[in-house]
Amino acid sequence: MRDNNNNNTREEERSSSSKQQQPQAPMSLKIIDSCLRLSVVPLSVATIWLTVTNHESNPDYGNLEYNSIMGLKYMVGVSAISAIYALLSTVSSWVTCLVSKAWLFFIPDQVLAYVMTTSVAGATEIVYLLNKGDKIVTWSEMCSSYPHYCSKLTIALGLHVFVLFFFLFLSVISAYRAFSPFDPPCDSQTNNDA
């Protein structure tokens, strides 16, 4: 009987202390979440603009544009999707009826984090091949012939990497929001006492 009273008292203390801390943590978390989402928009737009407007002519080799490389088209598409999603999710995160639906943010955040990872990997490979080439498959480096194109593409890739990191943080935040209402698993000693 005494153990039950102690357990009830401990549970009441935990619930009262967590109730006191809850209003503070979600609001600061919500502000961080919104700032990260809003930061994605200009970075993605800048990535798109730098990539799409990037072109350079060389009298020996001709024109080099973003649409001649399939991986850059993919990067532009992913950047556009991430900017639109970030804007819509920022607005909807302040709508009261959607805030309680943590899964509405968790699943797309996870998917976009993975898609951004593939996009960054593909764009990194392109920038690497443009800078270093691949002699085994007879792909020569092109940055000596197109220096402006390569430097602009490197900046776009850097911005795209920042967006990836923001989405990785957002996926952690949305996972915390989705799973925090659930109690942690009980240890075996607690189960034996019950």
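Numbers run from 1 along the shown chain.
Every residue gets a Cβ built from N, Cα and C, even glycine.
Positions annotated as compositional bias 'Basic and acidic residues' by Swiss-Prot: 1-16.
Feature annotation from Swiss-Prot assigns region 'Disordered' to 1-26.
The feature topological domain 'Cytoplasmic' is assigned by Swiss-Prot to 1-30 (among others).
Residues or ranges marked as topological domain 'Extracellular' by Swiss-Prot on the basis of sequence analysis: 52-74 (among others). In this model, the topological domain 'Extracellular' (52-74) carries an average pLDDT of 89.
Annotation source Swiss-Prot lists topological domain 'Cytoplasmic' at 96-110 (among others), citing sequence analysis.
Summarising the annotation, Swiss-Prot assigns topological domain 'Extracellular' to 134-152 (among others). Residue counts for the topological domain 'Extracellular' (134-152) under DSSP (helix as H, G, I; strand as E, B; rest coil) come to 9 helix, 2 strand, 8 coil.
The topological domain 'Cytoplasmic' annotation in Swiss-Prot covers 174-194 (among others) and rests on sequence analysis.
The transmembrane segment annotation in Swiss-Prot covers 31-51 (among others) and rests on sequence analysis.
The transmembrane segment annotation in Swiss-Prot covers 75-95 (among others) and is backed by sequence analysis.
If you look up Swiss-Prot, you'll see 111-133 (among others) marked as transmembrane segment. Counting residues 6+ beyond its ends, the transmembrane segment (111-133) has Cβ neighbours under 8 Å at 69, 71-72, 74-75, 78-79, 81-82, 85, 139-143, 146, 149-150, 153-154, 156-157, 160-161, 163-164, 167-168, 170-171 in the same chain.
Per Swiss-Prot, transmembrane segment is recorded for 153-173 (among others).
For the topological domain 'Extracellular' (52-74), residue counts in helix, strand and coil come to 9 helix, 8 strand, 6 coil, using DSSP.
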